[in-house]
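Here is what Swiss-Prot says about this protein:
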- Asp127: active site (ACT_SITE)
- Met74, Cys75, His76, Met112, Glu113: substrate binding site (BINDING)
Amino acid sequence: MKLSHLDEKNHPKMVDVSDKNITSRMATASGVIYMSQEAFDVIKNNTAKKGPVLQTAIVAAIMGAKKTSEIIPMCHPLMLSKIETDIVEFVKECAFKLIVTVKCEGKTGVEMEALSGVSIGLLTIYDMIKAIDKSMRITDIVLESKEGGKSGKFVRY
């Protein structure tokens, strides 16, 4: 299999998408952060010294999705038309699952934007609570689904 991000001399390159059709693209990604009961309670009770953790993580996820092409070298800058977030609490496990959905009309997909949004959002939670729990674990950052483009539809489950 030939990698599209390498030229004939094996040098990195950004893929030329100028001949591709503009189509509707959408991707959803998710990830989970596990923490101590104390850290979970601080987030739930909105008593973190750095401010409202989950609300800040949502803003960070949106910013992370928007800035993807600036931090992932071969990603194309995209005009995103929608970024939606959701946070699911797992009380028994002391965990939060962050879900990010990104949409655009473009020539290339938005999977990396969704994955970046999740990663940055979860890292923001870690940053805001690390004084309480340095053993937090960020895990299972995955692409849940994607639509549009040549490769069509993908759904994890």
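Cβ atoms are placed via backbone N, Cα and C, with glycine included.
Location within the structure of each feature annotated in Swiss-Prot.
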residue: Met74; record: substrate binding site; DSSP (3 states): coil
residue: Met112; record: substrate binding site; DSSP (3 states): helix
residue: Asp127; record: active site; DSSP (3 states): helix
Residues close to substrate site centre defined by Met74, Cys75, His76, Met112, Glu113, Cβ within 8 Å: Thr68, Ser69, Ile72, Leu78, Thr108
Distance in Å spanning the most remote Cα pair of Met74, Cys75, His76, Met112, Glu113, given for substrate: 12
Among Met74, Cys75, Met112, the most crowded of the binding-site residues [Cβ within 10 Å]: Met112
Those binding-site residues listed as His76, Glu113, and which of them has the most Cβ atoms within 10 Å of its own Cβ: Glu113
Candidates Met74, Cys75, His76, Met112 (binding-site residues) - the one closest to Asp127 (active site) by CA: Met112
Around the Cβ of Asp127 (active site), the count of other Cβ atoms that are within 10 Å: 14
